[in-house]
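Student: The following block contains the structure, expressed as structure tokens.
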Amino acid sequence: MDYRRDGQNDQHQTEPSHTEQQNTENQKLIGHSEQELLDAPVSYEAGRQETASALEMEKQETAVKKEKKRRAAWLSPILGGIIGGGLMLGIAPYLPSDQNQATETASANKQVQSDNFTTAPITNASNIADMVEDLEPTIVGISNIQTSQNNTFGTGGGSSSESESGTGSGVIFKKDSDKAYIITNNHVVEGANKLTVTLYNGETETAKLVGSDTITDLAVLEISGKNVKKVASFGDSSQLRTGEKVIAIGNPLGQQFSGTVTQGIISGLNRTIDVDTTQGTVEMNVLQTDAAINPGNSGGPLINASGQVIGINSLKVSESGVESLGFAIPSNDVEPIVDQLLQNGKVDRPFLGVQMIDMSQVPETYQENTLGLFGDQLGKGVYVKEVQANSPAEKAGIKSEDVIVKLNGKDVESSADIRQILYKDLKVGDKTTIQVLRKGKTKTLNATLTKQTESSSS
């Protein structure tokens, strides 16, 4: 199934940011390349390209499916760009569009977890029209402006010009003195040379990118607080129940349809989907809703019956024969990431420092004859192609041609499992155990995790 972000720029390909330099363009570092991405990963970029070509309203919402190509040479590090077909990211290229918002009925008594968020429910939430009117000032449209090179004859030089690459939505969650802050999706702002924000009253502000995180697909923007009169209240997504009514407010297909409201229910909780990002394929925990989510909705809020934000709209299934499958990032997952982005401009994560290939991609004869595996050892874990110098993996004693079968006590079947454990269960500075198979023998190694950098793999 193809998952795509609601709003995404056309310019950024979903390749891992830790791509091995000497490899071909479609090769990925193991840390970010998973070949058999369970049900084919959702691609932010796929969504961009689709919404770009799909600017002809709903008809063009059919997801552009990218077929994952399997390389004949299994030794190539994980294929770059396994993109499933059908998940659409809500960025509308050129035309602003980002309406993937659903309403959530989160508990009005949510405990305050951060000073950056307010939690009071809207007093007039019993009437949807009144609630929407109250929330409208907190919803914004976001335009991603990028520079393109004009070189008609390919002779070098030429001129450059700025153009709108894509649009999305966002929600104002904090006002501090003369500044206001907006939550949106990373794929809405990725690659921008300039970001502009359109407020509910039509006023336009130039926005500053405070921080963004590819893995969670979240970003925080800063604008002048001069024209900001209200901030959105956040609810407790852990209190949601399937069947609760929700609404989505956003800008499907651009500012032309700004402030569009759609209604639905929470169709499912704690859904896990694979998403192909510039950091590789990652698993996302999302809320499922049947509220209409169209290109341009990405980054907009999903709102409960109390008028509180319980999710940030991010993805929808765009596949022939499939309707009303939209996904939002739960508010309880959003808040801690936003806190880090406000404080540091980024999210620090641990890494091992290895390039890997899923064992499902390694020929059985190679597993037996070269790696020395046998019996139930065959086909398990991830193959270590290369170990980075001075990395936690090297210091722990991991070697090329080892097969990692457990990390932090959990079974490993794919590189996605490695990332999931690293990003969800562990943090920088943690000590952990790694179980490997080496020439048919099991070894348990100890590693101390360090900070992931732009040039480091998983």
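Cβ atoms are placed via backbone N, Cα and C, with glycine included.
Copied straight from Swiss-Prot:
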TOPO_DOM  1-71  topological domain 'Cytoplasmic'
COMPBIAS  1-18  compositional bias 'Basic and acidic residues'
REGION    1-42  region 'Disordered'
TOPO_DOM  93-458  topological domain 'Extracellular'
REGION    146-170  region 'Disordered'
ACT_SITE  HIS187  active site, charge relay system
ACT_SITE  ASP217  active site, charge relay system
ACT_SITE  SER298  active site, charge relay system
Student: Taking 10 A as the limit, how many CB atoms besides its own sit near the CB of ASP217 (active site, charge relay system)?
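Tutor: Result for ASP217 (active site, charge relay system): 30 other Cβ atoms within 10 Å.
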Student: From the Cα of HIS187 (active site, charge relay system) across to the Cα of SER298 (active site, charge relay system), what is the distance in angstrom?
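Tutor: Given the Cα positions, SER298 (active site, charge relay system) is 8 Å from HIS187 (active site, charge relay system).
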Student: Please report the Cα separation of HIS187 (active site, charge relay system) and ASP217 (active site, charge relay system) in Å, rounded to an integer.
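Tutor: Given the Cα positions, HIS187 (active site, charge relay system) is 6 Å from ASP217 (active site, charge relay system).
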Student: For HIS187 (active site, charge relay system), which DSSP three-state class applies?
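Tutor: Note: HIS187 (active site, charge relay system) is helical by DSSP.
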Student: Within 10 Å of the Cβ of HIS187 (active site, charge relay system), how many other Cβ atoms are there?
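Tutor: Counting Cβ neighbours of HIS187 (active site, charge relay system) within 10 Å gives 38.
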Student: Hey, what's the Cβ neighbour count for SER298 (active site, charge relay system) at 10 Å?
Tutor: 45
Student: Averaged across the topological domain 'Extracellular' (93-458), what pLDDT does the model get? Just tell me the whole number, please.
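Tutor: When the pLDDT values over the topological domain 'Extracellular' (93-458) are averaged, the result is 85.
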Student: Should ASP217 (active site, charge relay system) be counted as helix, strand, or coil on the basis of DSSP?
Tutor: coil
